[in-house]
Amino acid sequence: MASQSPNLEKAEVVMEEQANPALFEEDPLPPEGSTERILAERRLVKKLDRRVLPTIVLIFIMNYIDRNAVTTARLKGLEQDLHLSDLQYNVVLSILYVSYCPAQIPSNMALNWITRPSLYIGTCVVIWGLISTLTGITQSYGGILAVRLCIGIPESAFYPGGIRKAIYLLSRWYTKKELAFRSAILYGGLLISNAFGALMAAGILANMEGKLGIRAWRWVFFIEGSITMFIGLNAMWLLPDYPVNTQWVSSKERRLAQARLADDAGEADRDSAGDSPLKGLLMAIQDPKVWVFAIMNTAQLLGLSFVNFFPTLTSTLGFNTTVSLLLAAPPWILSTITCCLNAWHAGLDFLYGSQLGSDSIPDRTGGRFFHQSAWWWGVMIGFIISLSTNNNGARYFSMFLMACGYGGFAMTLVWVSSTFPRPPAKRAAIIGIVNGIGNIGNLMGSYTWKAEWGPDYHQSMIISFVALGVSTILSLLLRQWVIRDNKKLDEDEKRALTEASRARVEEAARLEGITFDQAMQRRKGFRYLY
């Protein structure tokens with residue numbers, strides 16, 4: 001890890017650029033809007049897509065597989081071998097969030113301060129893989145409780161599946177028009193992990209029982225944890241750092257990456273000299289929209305908390321362990337497809353579409369609200385079906401609707417990122433707050449799906465139904481709030497800039513090689529998405 005602060009490193013990069021103007025004269029960026037510029041941006045985005053997206057998707061898959069290994073191991077003797085009561089099992093599930101939730105805010109702020117996020121994220125992946133592997137050697141309630149408590153700390157570096165950090169890192173490379181679809185691909189990895197996890201667990205539980213004298217549920221942790229550590233080691237050189245210091249892009253590509261983000265927001269995507277992580281946190285906690293987003297996310301995750309019990313839900317259909325795990329896969333495959341289609345429809349471009357200024361392409365649909373909330377309504381319909389009948393076919397169909405609800409979840413942090421675009425220090429703190437507080441919903445959800453309420457789980461579904469109703473109301477409130485803010489921007493576009501904002505606009509103009517007035521004209525085009 002670099003010993004100098006990232007702000008100092010960024011300042012040195014800027015000073016070096018200013019000290020070598022000949023470099024910019026000899027190898028300037030192509031003019032904005034030119035064919036050469038469009039092709040250069042597409043090459044850069046393709047390079048990022050080929051290297052970054054597969055790596056993070058693999059991390060997501062293993063993160064969720066590791067996280068949900070306890071629920072699959074439950075089907076093959078974990079509770080009996082460790083002598084766990086129903087309450088103790090719920091505590092084992094929820095204890096992760098005791099360390100995970102508080103660690104998210106400082107962890108996300110640290111990513112904005114750390115110069116090598118590739119090493120930071122990769123190291124955290126290796127550590128959580130190691131701790132997950134150790135779950136397989138636990139012999140008591142106290143042992144598995146201690147392991148689950150510890151695993152929450154390294155997992156806080158990558159989310160309740162990982163997206164928080166990933167979206168923040170991607171937002172330092174992709175424009176907001178590109179971010180929705182890329183984020184959906186990452187969420188697709190998160191969702192498909194439920195299918196892969198179920199299929200992998202089915203194979204391990206069916207074939208590894210008694211091998212080397214070890215129970216099959218212990219092999220689940222040994223095998224899945226080892227794969228995670230291998231992926232973490234490779235992530236250290238596959239993932240990017242920031243545009244100013246990533247080694248596997250050229251100097252010109254670094255400048256292009258900075259310039260395109262500056263153009264996207266009308267100001268440079270970097271903190272001013274006074275934008276420390278602490279200042280970013282203070283700015284975040286003073287913004288009331290942050291707390292509405294946080295409460296909405298809490299209600300959403302409570303409503304979607306069935307994800308941690310999905311193998312248990314499919315087991316209530318009356319089949320054996322292997323069939324129950326196989327039945328858990330198809331709903332998540334459909335969920336992955338609908339998640340990507342939803343984000344494509346909500347996005348402003350498709351994979352390698354136009355990547356010009358914020359006014360270049362109209363939004364296909366006009367907002368984030370319906371692409372988030374409509375899927376919750378599908379989950380609520382699924383709950384109603386399950387509450388209304390004991391027919392296995394209808395109940396299994398309702399599980400497809402429930403799984404597809406995560407298509408809305410995929411839009412939440414994308415909406416947060418586009419609502420609070422600058423400065424990066426504030427954005428990092430906000431994403432950590434929204435996700436950290438939101439996971440209190442997962443904590444509550446660990447006690448919502450009680451075994452004593454099975455096999456119907458009607459009480460659990462009613463609680464989840466109400467939670468999604470609350471999240472819908474808060475989402476609608478945020479939509480109207482953002483619409484009001486956009487109207488205010490229309491009225492106040494010529495308001496005087498603060499010194500920090502003016503500095504970022506001047507930096508954007510320098511990177512693009514345009515005048516300050518031209519940069520201001522682009523800045524006027526920025527509007528919040530809703």
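Cβ atoms here come from the backbone N, Cα and C positions, even for glycine.
The transmembrane segment annotation in TrEMBL falls on one of the ranges 85-102, 373-390, 427-444, namely 373-390. Taking Cβ pairs closer than 8 Å, the transmembrane segment (290-311) reaches residues 68, 71-72, 74-75, 93, 160, 194, 198, 201, 284, 324-325, 328, 331-332, 376, 379, 399, 402-403, 405-406, 408-409, 412, 415-416, 419-420, 430, 433-435, 437-442, 444-446, 448-449, 460, 463-465, 467-468, 470-471, 474-475, 477-478, 481 in its own chain, all 6 or more past its ends. Mean model confidence of the domain 'Major facilitator superfamily (MFS) profile' (52-487) amounts to 79 (pLDDT, 0 to 100 scale). Of the candidate ranges 217-239, 396-416, 461-478, 396-416 has the most C-beta pairs within less than 8 angstroms of the transmembrane segment (373-390). With a cut-off of 8 Å between Cβ atoms, the residues of this chain six or more beyond the transmembrane segment (217-239) that come close are 51-52, 55-56, 58-59, 62-63, 65-66, 69, 72-74, 76-78, 81, 117-119, 121-137, 169, 197, 200-201, 204-205, 208, 211. If you look at the transmembrane segment (461-478), the same-chain residues 6 or more away from its ends with a CB under 8 A from one of its CBs are 289, 292-293, 295-297, 299-300, 302-306, 369, 372-373, 376-377, 379-380, 383-384, 386-387, 405, 415, 419, 441, 445, 448, 530.
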